[in-house]
């Protein structure tokens with residue numbers, strides 16, 4: 001575990017990152033074994049503590065329920081409360097150390113953070129698209145919404161083990177995920193499209209790829225062109241996997257409430273750390289690519305452009321959500337919870353995007 005996290009070994013799974021790891025088969029796949037260690041809460045910080053038995057999770061002061069679980073104070077029903085509960089009750093502490101007294105230490109990044117980002121990157125999700133039905137607008141959009149709901153589950157799990165993220169208050173964690181989910185989804189889509197179709201089609205899932213016909217039939221052709229253009233920019237830049245992973249985290253950390261977060265200082269420190277990680281990733285890129293300074297500028301401009309595209313995608317999402325009955329477009333319960341809570345905040349101008357370059 002120590003060698004993998006510190007980057008001495010970069011393990012890769014020969015399967016689909018879902019190998020069974022138990023007492024007998026623990027040596028079959030080192031990559032899945034390390035992933036399971038991270039999900040179970042192993043971290044380098046705990047090894048340095050003189051009293052490992054007193055290491056506490058974020059939620060240890062929470063009130064137990066009758067079922068033996070734990071709940072967060074003031075949490076309600078639905079996705080946001082369940083997401084908050086999932087973030088707060090998971091044993092995983094995302095490599096954020098706790099002091100002997102149980103208090104959180106300031107968020108930090110362990111050595112070779114890219115090794116950790118590679119290990120926790122979610123697996124590709126299948127849409128379960130019904131190819132026996134015609135590619136009608138409502139069928140395509142409903143399928144995309146169902147896929148987005150599945151992906152959101154992975155986003156929450158990814159955030160739980162993201163180095164530094166668990167050091168933020170639960171309210172801040174939920175807010176950042178809620179404000180960035182569309183950008184994260186479209187950015188990951190662009191990466192898959194870049195790797196699997198060389199930027200020619202939109203690779204939403206292995207069983208749901210948009211060609212030109214599906215783009216036009218989806219009723220969001222211009223938005224599809226925008227997402228494909230991002231993927232083609234990946235092709236032009238020959239974006240590396242390490243750069244993509246660092247940029248993805250920065251998208252999570254780039255939209256905040258206008259009044260700020262509960263712990264704005266911890267958030268800003270975490271964001272600065274990941275900006276440094278992006279610069280390190282650029283420094284590792286092949287020397288045949290653009291000059292380092294110019295490349296960093298190009299990547300941050302691309303991140304800024306993602307916010308503009310994400311805003312347009314949200315507008316379309318909000319429209320189809322409001323007109324879902326008339327358009328016969330279905331939304332999974334998770335997206336209903338997120339969008340219902342997000343619409344008033346976005347449309348009231350309560351969000352603030354952190355751009356790298358002046359608009």
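Just so it is clear, glycine is given a Cβ too, placed from its N, Cα and C backbone atoms.
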For Swiss-Prot, the entry region 'Hinge' belongs, out of 50-107, 166-223, to 50-107
CB contacts under 8 angstroms to residue 320 (aldosterone binding site), restricted to the same chain and 6+ apart in sequence, sorted by sequence, are 141, 327, 329
Among the aldosterone-binding set 145, 151, 192, 320, as the record gives it, the longest Cα-Cα distance in Å = 25
If you skip the near sequence neighbours and keep only those at least six away, which residues in the chain come within under 8 angstroms of residue 192 (aldosterone binding site), Cβ to Cβ?
-> 124, 203, 204
One finds that other Cβ atoms within 10 Å of the Cβ of residue 151 (aldosterone binding site) number exactly 23
What mean pLDDT score does the region 'Hinge' (50-107) have in the model?
-> 42
Around the Cβ of residue 145 (aldosterone binding site), the count of other Cβ atoms that are within 10 Å = 21
